[in-house]
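Taken from TrEMBL, the feature domain 'Potassium channel' applies to 160-214. What TrEMBL records for 20-36, 42-61, 68-83, 89-107, 119-147, 193-218 is transmembrane segment.
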Amino acid sequence: MGLIGGFDTKQNFKQLMSNWGLLVLLVFTIFGLPIINVFFDIYLFGIFITFIVVISTYATSEDAKPKVIVQVLVAIIAVWITDLAEMKVIHYLSSLWLVVFFLLRVFKFIKQLSRKEEVNILVIIEAINGYLLIGVGFAILVDMISSEFTGAFNFMVDKSVHQVYDSFYYTFVSMTTLGYGDLLPLTPIAKSLALLITLCGQFYLVIIMALLVGRLLASAEKN
């Protein structure tokens, strides 16, 4: 049925729209907000992360189960507690929950992709969203560690929006194994996290490529 086939059901249409919305939000948060903050000193990061929490849940959940709703509410609270908390323990726990939440969404994307019988535009968007969510989750963790563990990384720690985007930049450079060398981990915790980010990014690509190639080969055999 090709890349444009397979969207004749209400469920598929809902997933397609929510995944398109999630993709736009992720791309704008990662690439657009840093540019906006160059010209306007407005902190929009928490707002966009909140939208990402809600829409990523909608894109990966077939129905509104109570446990899913609880996860979303806790994640939204964690977004704002992470920004406002003065106690280190609360900052740790809220940041870690956001990381866990986004990684759970990634696993849901992988599960959805594994059940698809053909490669279409929805499958491709879900695969991209899963990869970007890994980066968002780990960027939040990098930001927390750089804030609470002085000297963990060599970039500036001033608890501003610019530090957040340094964390995003560092995370995606590590995930892609690009490694410019301008931002570096300096402590054992930071170095272990760098390895984890790199491995998760590469494992995700390997798993997704295996799933997509398998589906393409299966479709070719049927035809």
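Start at 1 and count along the chain as shown; that gives each residue its number.
Placed from the backbone N, Cα and C atoms, the Cβ positions cover glycine too.
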Given the transmembrane segment (42-61), its same-chain partners at Cβ distance under 8 Å and 6+ residues beyond its ends are 15, 18-19, 21-22, 25-26, 28-29, 33, 36, 68, 71-72, 75-76, 79-80, 83, 98, 101-102, 105, 108-109, 112, 126, 129, 133, 136, 140, 161, 164
DSSP helix, strand and coil counts for the domain 'Potassium channel' (160-214)?
42 helix, 1 strand, 12 coil
The domain 'Potassium channel' (160-214): mean pLDDT?
87
